[in-house]
Amino acid sequence: EIVDYSLLIAQSYLLLRLSLARSSYLKTPFFYFFLLTGVDVQNGLCDEDFCFCLQFFYQIMNIFGVTGSTIGKMIIAAHRYAVMRHVNLMKDVWSDRIKFVLTGVLIFVSGCRCISVFFCGYSYVNREGVKLVSYFDDECTVVDKSESSVTYFAYIIVSLILTVLTSRQLYKIQQQSDVITKTKKFIMDQQRKMFIIVSVCTISHLIKAIHQFCWVFAAYFHLQFNAMLQATYSYPHYLATYSASITLVLFSPRVRELLKSRRDVEERNHAGITAILS
């Protein structure tokens with residue numbers, strides 16, 4: 001619990017500082033969807049003791065948060081590719097209308113994933129004489145984990161495709177003879193950082209997706225190692241939940257500066273070029 005709440009507080013602090021930042025660098029679509037994804041992750045981390053809510057609503061918040069955070073990361077990868085395709089490498093290639101439409105899609109799909117909660121049976125446990133919902137019954141567990149796995153693997157496929165396309169676009173930029181050395185070095189450095197961030201997110205979600213499929217298989221066939229999968233759930237869960245935040249802090253000097261300073265980060269630019277990390 002100490003580790004759990006420490007990570008939760010640390011990520012909450014990161015999201016709070018990013019949301020209060022006034023720098024235009026931290027108000028781009030990348031950070032907008034990073035914040036939206038982070039809020040969904042916080043919902044997914046909610047439990048009945050910490051949130052003081054009924055287990056029924058906990059299940060809805062958990063499913064909505066997991067789905068929303070995964071879709072949000074797909075949108076982040078798509079935005080990075082859109083930035084790389086723009087002739088001027090502008091960070092604001094998406095208008096506010098596009099952001100709001102994608103936000104609506106994220107909320108709609110995440111909400112649809114919660115519909116099954118209203119038709120599920122539940123398993124119960126007694127805690128100090130009080131009957132509490134433990135989790136879905138086996139049938140609904142298979143449905144829930146199957147839907148989660150489909151969402152995760154859709155994320156993996158989309159992210160891999162966008163990463164390859166972005167790499168090809170970067171190669172084209174490298175071949176341009178009119179790009180000065182300093183600018184080329186800056187673009188390469190920023191692109192490499194974004195590639196690491198997306199790769200970590202992709203691999204961590206792949207690990208969690210495999211774990212979800214094993215859980216589906218065990219629940220469907222009533223296998224004994226279902227308890228073992230439940231006991232090891234926290235490892236892929238934490239990896240997928242916090243990897244994006246940790247890599248962002250490690251590879252973004254501007255974010256580290258924001259977290260260490262009491263004030264907002266200053267506006268600055270590098271050789272007149274907009275950072276792709278946005």
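Yeah, the Cβs are placed from backbone N, Cα and C, and that goes for glycine too.
Nobody curates TrEMBL annotations by hand; they come from automatic prediction.
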Transmembrane segment per TrEMBL sits at which of 56-79, 128-151?
56-79
Find the member of 56-79, 100-125, 152-173, 194-223 that has more C-beta pairs under 8 Å to the transmembrane segment (235-253) than any other listed stretch.
194-223
Report, as numbers and ranges, every residue of the chain located at least six residues beyond the transmembrane segment (194-223) whose Cβ falls under 8 Å of a Cβ in that stretch; write 'none' if there are none.
70, 73, 76-77, 80, 138, 141-142, 145-146, 148-149, 152-153, 155-156, 159-160, 162-163, 166-167, 229-230, 232-233, 236-237, 239-240, 243-244, 247-248, 251, 276-277
